[in-house]
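Enquirer: Mind looking over this structure? Questions follow.
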C-alpha cells in the first residue's frame, strides 16, 4: 500500500464531513444528543452566577434573589443558593446523559455501518486489487483503522460539541458581564488557532504512518500463523521473531513520535491560555471600578472555567486526525471501482461449448504478455488438458473463463456468447472450479460443501456429492460426521481430505463447465485413485478444463494443449503428441509425474 502524496490527499475537513455523512440515518438521535450537550454547556455559566450570589450573600444573606417573580419574591439568598446548586446539578446530569448516551448510539451505529460496508466492499473488488494489497493491510483497515474512526466518531464529536458549546456559553457570559475585559481573552484566539492547525497536520501525517505500520504488524503475524508448519519445519522461528520485532518496533517508534508531539503541544497551549488568564486577573484587579465583589468573583470564575474546555478541544485534534487518517484509507478502498459487470445475458442453463479465439492477455500494470493469440474449441462434454512449465499461462487462461480478470484481445465464448456479455453471477453459476490451493471455512463439513449459493441444499445431495468425491469414508469417522467443525481453513483435516471436500463442493454445484487446476496434486496415491474414479464419472456430460501434471489425468483428455511462454506450441491427443516427438514428448520423457515446477 502506498501513501498518497500530501498534495493529492483530500483535506481533513472534506474527509471528516464525508465521515459524518454516515450520521444521516441516525439524525434524530444525533439531534437529541446535541440538545443534551446544549443543556450541559448551559450549566457552566450558571455556576459562575451562583458564586456571584454566594459572595454577595455573605454580606447580606437575607437579600431576595427574585424580588419581581411571583411565589419567589420571598426567597432569600440563604435558601436560594443551595437550592439552585442542586437544580443545576440535576439539569447538568440530564444533559450529560442525553448527550453521551444518544451520541454513543449514533457513533457506534456509524462505525458498524462503515465496517460492514468496508467488508462488503471487499467482496466485490476486482482480483487485481487483492494482487496489489497484502491481506494484513486489508484486515488492519477493518480492525485497527475502523477503531481509529471510532475515536473520531465518538470521543472527538462529544468533546467538540460539548466543550465547544461550553466555550461559546462562557464567552457569551463574559461578554455580557464585561466585554472590554473579554477582548483580552479573544486576542489569543488567533495564536491558539495557528497552534492547533500546525499540530493537526503533524498528527494526521503521523497517524497515517502508524496505521501503515500496524498493517505491517498484522501482515507478519497473519503470514506466520498461516504458515506455522513451514516456519517450524525450516527453522524460521528466529527469522520470524526478527521480522515481527522490526514491524512492532517500527509501530512503537511511530506511536512515540505522536505521543511526543502531543506532550510538547499541550503544555505550550496551556502556557498561552494561562498567560492570558494572568493578564486578565491583573486587569480585573486594576480596573475594578464599581463592580461588586460578587461580580469580580463570578467573572474570574467563568474565565477560569475556559482553559479546561479549550485544552480538551485542542487535545481532540490528535483523535480527530487519527480518525481522519483511518477514514482516508477506508474511503480510498471504498472509492475503488468494484468488479465491472456490463453483461446483460442470463441463461438458466448452458450446454458447455467453449470457444477461445485469438485470446491475448496482459496483467494490469505490467507489460509482459502472459497469453498470446490463444485459440481452441471444446465441444460439450469434452475434456481438454493444459500442460506446460510453471508460468506458461495455464492458470491465467483458466482464470479468464469465469472473468476473474478481463482479457485484452480476442474472445472467450460459452455456447457462442462472449463471457463479457453474461451477467457475472449468472456466468459463474455455470462454472465450477477446484484449485490446488483449497479454501475451507471455519464451519462444519456440510456447510463447507454446501457453500454460498449451495447453502440450504438437501442433506441427501450433500451426502451424494461427498460419496462421489470419495469423502464419506473419512467423514463417517469424524466425531460428528458432516456436522464436524473443520477448523480454520480445514486445519483439522489432511491435505487429501481437504481436497476431496473441495471437489465435493464442485460436484454439488453440478455446473456444466468444470475447471480443475492441479485438483489432484495434493493427494496421495490412494486418494488420487479414488478421486480419479470420481472425476471420470463426474466429467461425463461436462466440459472440463484440466490443468494437471500427472499422466493418469492427462492421457484421458480429448485434447491436450501444450503451452510455453503464453502460447500454444502443440495440440492433440496423448498418442498424437507422443508420435510428433516434440515438446510434449520431451515433457513426457522427463516424467509427467515430476514436480510441478518442472512441467506445470
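Backbone N, Cα and C atoms are what each Cβ position is placed from, and that goes for glycine too.
Just lifted these from Swiss-Prot, have a look:
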type	residues	note
BINDING	388, 389, 390, 391, 392, 393, 394, 395	ATP binding site
DOMAIN	31-322	domain 'ABC transmembrane type-1'
DOMAIN	354-590	domain 'ABC transporter'
TRANSMEM	27-47	transmembrane segment
TRANSMEM	83-103	transmembrane segment
TRANSMEM	174-194	transmembrane segment
TRANSMEM	267-287	transmembrane segment
Enquirer: On the 0 to 100 pLDDT scale, where does the domain 'ABC transporter' (354-590) sit on average?
Expert: 86
Enquirer: Which of the three DSSP states, helix, strand or coil, fits residue 388 (ATP binding site)?
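Expert: Going by the DSSP assignment, residue 388 (ATP binding site) falls within a strand, counted as strand.
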Enquirer: Quick one, of the binding-site residues 390, 392, 395, which Cβ has the fewest other Cβ within 10 Å?
Expert: 390
Enquirer: What three-state class does DSSP give residue 393 (ATP binding site)?
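Expert: In three-state terms, residue 393 (ATP binding site) counts as coil.
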Enquirer: Fewest other CB within 10 angstroms, which one of the binding-site residues 388, 391, 393?
Expert: 391
Enquirer: Quick one: among the binding-site residues 389, 394, which has the most Cβ atoms sitting within 10 Å of its own Cβ?
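Expert: The largest 10 Å Cβ neighbour count belongs to 394.
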